[in-house]
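Engineer: Sharing a structure with you now.
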């Protein structure tokens, strides 16, 4: 270890990671295996660990370890110093954030989250927004109080978004999103005006879907000595230890493409986790070994889902594999299969949205978060505003609040400031892909030649090793040589739409 | 809560249970899902929890809580007092045992266990006893030191057997086992002299085995809202919470009966766990809600495996189900199927032994433990002694130490005093079954009528609710009205052998 004080701090961080990963293992089990009647006890286990983790992360002993490590930086030579300095700066920021919060507020928030989540579930299933509204009001009140206590030189929404997307401001988001506001409705109109035939519906038994998913993962480097694939009601990716990477999928017989696309998405998250610079103890347990933002994380999953698995080249290669298992090809040729993978049709729900409408769902949520947190929109008005914006942006009117403002889990847990990361993921993915193509040639050509490994190698060389040494925008600029913008995404999307519409 | 002090103690015990069950969840995951490369990190997680648990179980705060609870017993009325008294007595015993141990010894033992286990694995795979011998010597030395520090009015072996089989002494074991020593060799000879035809080998694909196992579990009350079945290299049963019961199986295509028998066995363990008196908070987190001994636990698994699943009536009912899936009945009629489930042929390994030879494997190990721990047998002599006893008791000579004294995991982790519980399980199961038949009629008749639920109901009424209110021998006497003896087991076995040999 570089200095004795850094060594002592590392031991402490390692134990925190151990506890955190135990927590993740319980979460994994809960979502893949646990029987329903065990939920209450599992809740108590998770609360116990959360309490231990919280205590560790704002204890005086921890603060002393950080202070000693900071003082020891003088002993380091110039080459070593910047990395350690960045680690300590990130730890210090997090510690100060924790210490500014009134412990009572932390407790109230935990209780409000748990209450909010449970009321949201009921409200969604009963389609009764009024049931959830008081809980949402309370969550907004407590989160605003949290932002006030943090007292950062940022607006309340910006303060709450920090943990997901460090250093992001409204002004910058407005700049990044303006072209989306302008162009996406135009593109949607273009698709709408060229009415296409609905592809015929077909279904595929679950074992065959699983088989295809496993085939995809093997081709994309799934190593069963350190990776696990299981099933869960909602697909997710989670890292349980330095050599323990897991993803889940969901199979629906009638949505025969959804499992493989979800696997591509979750595997993209996992690939990023697998090559962060924490293996072999380099930055293990230190911030520099972590993902730098949710937007960057999402850019990696979206790259594998949209740029690779939803590409024409991929469709051409995989259509015969699906046809072989199905014993038929109701979609016609590879082009028909590609169109089935890319419906490009606006819908009511975010999680089912395609590349064309996804960001519009995000713009809507981001705007409503600003209105709720910073412009005094009464919670009771939320359903009305949701419907108005939905009609404005996507031309659709939700038939119920369950399919409207109650569809996402985030707000029920007080998670504000998270949604824009999804849209940023699209932008970042496209801009990185542009740089990738400049370096190694057409992505589609590599996919056509079954050389996805070349794409992964490029990401592993240029993107993944950066960890938290840079924030999301710095990462993009570092890798692509240009500031982040929506242009690469819109250029890519426009080209793809042209080809999709031309294809027949 | 009965008194305030008992309430405070219960809160403490509950948190200990939460931590213990988190530990069990990690163990479950390790054996059913975890990828191999994750083993080192998992080891650190388990060590962290073990450290926390150990600290809790001998902390001054805990001791003070117990002392206060003991003093508060006076406030209870006569009817309430005995249960609480027993709880506190058991907690006090365990605490005193923990406190007598030098913490250094505890650490040394943990290290020696982990080293022993790893060397044993290598020694067994290389068939090289000398590699394991020094670790075994060290484990024996440390365990004897542990017994010395515990300073109980028992021999060292008896002291170490306490956690598995409370209140058991050599003298009593000699009494219980003497009839086994006498009769089992005679019965083995009887079978040997009547040479039977080997049943033809057959195999069954794994999905069909799984399907039959699931059918069995459903018939035996498996409730998927609180139970889970998964696969693991070695079958086991584990309880992860008050409403979370899990078992595993292993499928081998060429051993088509092994999975269903293992499921019957593990489900027997689980049924006991499921109806211990800890549900609905009665004795939850208190000792009275726990299993009273390993022998009693084993009696429950053996009842369902041997008395039920290996019975003639069960074979008659299930042979057609196997035949249907296999599309053939290579075993002939139900009688042939029954014989295939009961080979009654001595073998080298304990875990594959049948009802006839199983206890002989145990008698051998028990004798060697006495010689190693209390009669100065040098570890280097173990392989020679093992072979001699194997020849004497089972008429077999192991071709290697891997199939001889290196076959079991127990000693590699310093686990001495455990083996006799397996044999006690056979005796207890038989004596409880005798009482059951006296009360509700022939067990075979109930099985023939597919009324296993009646057997379970009897166990749930008479055996399971006792928890740790009694020790194993008290439980048997309480339920059957007579002291534990080997007679019911030998009577049952003799009758079964007669019928097996007569059946054709």
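Cβ from N, Cα, C; glycine included.
According to TrEMBL, the protein has these features:
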ACT_SITE  B:266  active site, proton donor/acceptor
BINDING   B:265, B:269, B:298  Zn(2+) binding site
Engineer: Counting only residues 6+ away in sequence within the same chain, which have a CB under 8 Å from the CB of residue B:269 (Zn(2+) binding site)?
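Structural biologist: Sequence-distant Cβ neighbours: B:237, B:247, B:297, B:300, B:301.
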Engineer: Rounded to the nearest angstrom, how far is the Cα of residue B:298 (Zn(2+) binding site) from the Cα of residue B:266 (active site, proton donor/acceptor)?
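Structural biologist: Per the Cα atoms, residue B:266 (active site, proton donor/acceptor) and residue B:298 (Zn(2+) binding site) stand 10 Å apart.
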Engineer: Note the Cβ centroid of B:265, B:269, B:298, the recorded Zn(2+) site, then list each other residue of that chain whose Cβ lies within 8 Å of it, in sequence.
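Structural biologist: Apart from B:265, B:269, B:298, the close residues are B:237, B:266, B:268, B:297, B:300, B:301, B:302, B:304, B:305, B:425.
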Engineer: Would you mind listing, in sequence order, the residues at least six apart from residue B:298 (Zn(2+) binding site) in the same chain with a Cβ closer than 8 Å to its Cβ?
Structural biologist: B:421, B:422, B:424, B:425, B:426, B:428, B:429
Engineer: Restricting to the same chain and to sequence separations of six or more, state which residues have a Cβ under 8 Å from that of residue B:265 (Zn(2+) binding site).
Structural biologist: B:235, B:301, B:302, B:304, B:305
Engineer: 10 Å Cβ neighbour count around the residue listed as 'active site, proton donor/acceptor'?
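Structural biologist: Step by step: centre on the Cβ of the residue listed as 'active site, proton donor/acceptor', count other Cβ atoms within 10 Å, giving 23.
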